[in-house]
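Visitor: Below you'll find the structure I mean.
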Amino acid sequence: MWRMQPAQDQPLALTTVRPLCPTNGKEEEVNADLLEEEAEFNWEEYMEETGAAAAAPHTAFKHVELSLQSSFQPGMKLEVANRSSPDSYWVASIITTCGQLLLLRFSGYGDDRKADFWCDVMTAELHPVGWCALNNKNLMPPEDHPYLRKAIKEKYSDWTEFLVQDLTGSRTAPANLLEGPLRGKNTVDLILEDSVLELQDLSDPFLYWPARVIQNVGGRLRLRYAGLTDEHRAQDAWIFYLDVRLRPQGWALENRLALQPPTALRPLKSAPDWQKALEDAQLDGQKNPLPLEVFKDHVDLPRHSFRTGMKLEMVSRWEQLQICPVSVTKVYNDVYFQVTLDDASVDATPRRVVCHANTPGILPVQWCLKNGVGLERPRGFEGQDFDWADYLKQSGTEAAPESCFPDTWQNRGFAKDMWLEAVNPHRPAEVCVAQITQVRGRLLWLRLEGVLKQLSECLVDVESMDLFPVGWCEANAYPLTAPIKAVCSANGRYTCSRIFVNHRCFSGPYLNKGRIAELPQAVGPGKCTLVLKELLSMLINAAYKPGRVLKELQELQDQSWECQEETLKAKYKGKTYRSTLQIIRLADQIPDFCRKVCLKLQCCPNLFGPVLVTDKCPENCSLQTKTKYTYYYGKKRKLSKPAAGDETAEGDVAKPARRRKKRKAIFVQKKRRSTAVDYTPAGSPQDSDEEEDEDMALQSGSEGTSSEPREDHTDASSVEVASSRPRRAASLRRANSTGHPRAVQEAPEGRRRTTRSVSAYSQGSQYQPPKDQDMQVEEEGQLVLDRNPLEWSVDEVVHFINSTDCASLANIFQEQDIDGQALLLLTLPTVQECMDLKLGPAIKLCHQIERVKVAFYRQFAN
């Protein structure tokens, strides 16, 4: 691969911040801004880390889509060897292509596609039409296609008569694509290095000169004019192969056009040297002619209707981000015309451009006004405000009518904030990461990443062939100029010093103390948002359930903070969760931000922050009861014990705090008696602390009656828990033991259900079936179904959930398309993880799901 070495062609260095990894040495510090190294740019990672908007759709890049098409076209005919008789062949038509695969249909089948077949160009025996005649081979329909033979025989006396009729006026597949070194290549791959083309002069549309292909990057060609050498590489042109300025060798002479070196380059060589270069190029082109299939997608330019003197607007070719008034100063023919920049100044130097009807960047008069874009006033224009009506009147000219400007650019799909790859107009060899900052009609405003600030913005037409989709450079093994992470100093409003992680402080119910101990002692110095983003990422990954911590941090906001949005992600059990967080930008707000994050995570306020705790925490967090932090530390909120008589009857609503307090006591008692399930989070460094932390987490779930499963995947439905309705549970047990089929059957998950789990989940809320279904509920609260829940649709599941006391969760089932089969597979761990529910609502929902499961096992499982 050619490597860009000269200064004018060398892309800027690709740099990125090195990812931070947890360390087990507390003396180590992580510098979030200053550790930079060269690395390969990865679009997917970049868009994930920055929370970038979507990439521009591939279909928006018409020239790239065309470049990916096969050289074979639907309708082309070729001769294919018959499988049943290797010495005979038959004619087939190309139906469609997929890379080097062709979908073929034997001639005679017409529009009947029942016998279509695929073949690989590289391995199948395929030949151009006429090959059999030249090589004395038989042309006859395959013997294993009796239908085809019969259909042809019914209409024609012999195969020859049919073939004459079928092949008249048809196109044959090119011989060089079926055999030889170009066999099976796509159109772009046919353009080899040293191939010769003819390139139109920029200043005169009737002048052409040969140019050699130095490099082919996915159809973007680096061309060197014939006669120039490597020392003239600065004069190389980068042009996409579909550009109308490119023509096959011999095209200029065939169209009676002149072959002359480019006007700007003529002083570099003497006339005899240029003539010798022309002859050498023509000879090389004849030895290795470029296949004409390369130009199959070139479009003929439409006729224009511009007249000399007409005014229009045009994106400036000379100044950055400017749209200027221009005038038609010459009409070459019905295809080409010339426009000149309006300039009335005394020292004006004419600036001219050769155009055609499809030239990108030419716009009708008042386009800028209609699209809310500033129009550059002509130099030398007298007057404070530029007005087209006055300007046309003073100059005695007319505006080019709207009909002169085709609208083929529409429906391209570009939108603000989309990402793409774009050529740097100041260095054509360089392709940069780019973002669309504005879209107006057919114009895009781009910000190029990784280039100097003053050159980072450009204005392009949607028809430009210097725009490419995300991943184009990688797919073509070409260097992409990536964003540069600026190195900032350790002072200023937006930079901070180190933020410390004080490992000895209380870590709270969310964070794993063992993982906290592995984190580096400090992060920074650097830009505030970058340092805090790295710190929060480490904390999220040090959590028992990273997704839960991510959700808690998402809710953290303060109107007094000056923030910017950053996207953070958490990985848990093979799944990735993302969320947009508000992260402060100012250094003086860091102490408040860190403290409130600690409060949100119910840990010691000094666990992390700008203050290093060397020995003893000022909060004495190691001696404090952990409930001090769990119960909203710092707000002096206390939860009193329920007074006598506060216990509510069935159906009444209890105060949340008191209800949670009572249920905690029930849980602790059950937990001490049971040894069947380990509720301690895996990897917990403090078993005693974590038991208490688990109790705290339980109280935050308003309806919790058992511990939240962590890493053990235990199905909570198999754990004996105290039912809030003992009478209903007892009657249910009696019903099960006096005549109803046993409810203990094999579950879809392969676990055994017990009658105790049935009693815990059969809460008696009644399911009112749709009117068109017969479904009844027994008096004892046991669900009886007339329709197998395996056959329930999503709407039927939603209807059932709406009929229970979990109706507020019905929309989740609708959004996640949970039908009856999926409903029966739900367990407490999957409900919590997939639906992101707290423990209380999750158990409450599982009660209702279990009722359906019991009815299914009892009625339909056999």
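Quick reminder: no glycine exception, Cβ is built from N, Cα and C everywhere.
Since we're looking at a predicted model, the values are computed, not measured.
Pasting the relevant annotations from TrEMBL:
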REPEAT    41-142  repeat 'MBT'
REPEAT    157-262  repeat 'MBT'
REPEAT    272-378  repeat 'MBT'
REPEAT    386-483  repeat 'MBT'
REGION    640-774  region 'Disordered'
COMPBIAS  656-674  compositional bias 'Basic residues'
COMPBIAS  687-696  compositional bias 'Acidic residues'
COMPBIAS  756-768  compositional bias 'Polar residues'
DOMAIN    789-855  domain 'SAM'
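If you look at the structure here, what lies around each of the features I listed?
Guide: On the 0 to 100 pLDDT scale, the repeat 'MBT' (41-142) averages 85 in this prediction.
Note: the repeat 'MBT' (157-262) comprises 26 helix, 32 strand, 48 coil (DSSP; helix = H, G, I, strand = E, B).
Residue counts for the repeat 'MBT' (386-483) under DSSP, split into helix (H, G, I), strand (E, B) and coil, are 18 helix, 35 strand, 45 coil.
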Visitor: By DSSP assignment, list the helix, strand and coil residue numbers for the repeat 'MBT' (41-142), in that order.
Guide: 21 helix, 32 strand, 49 coil
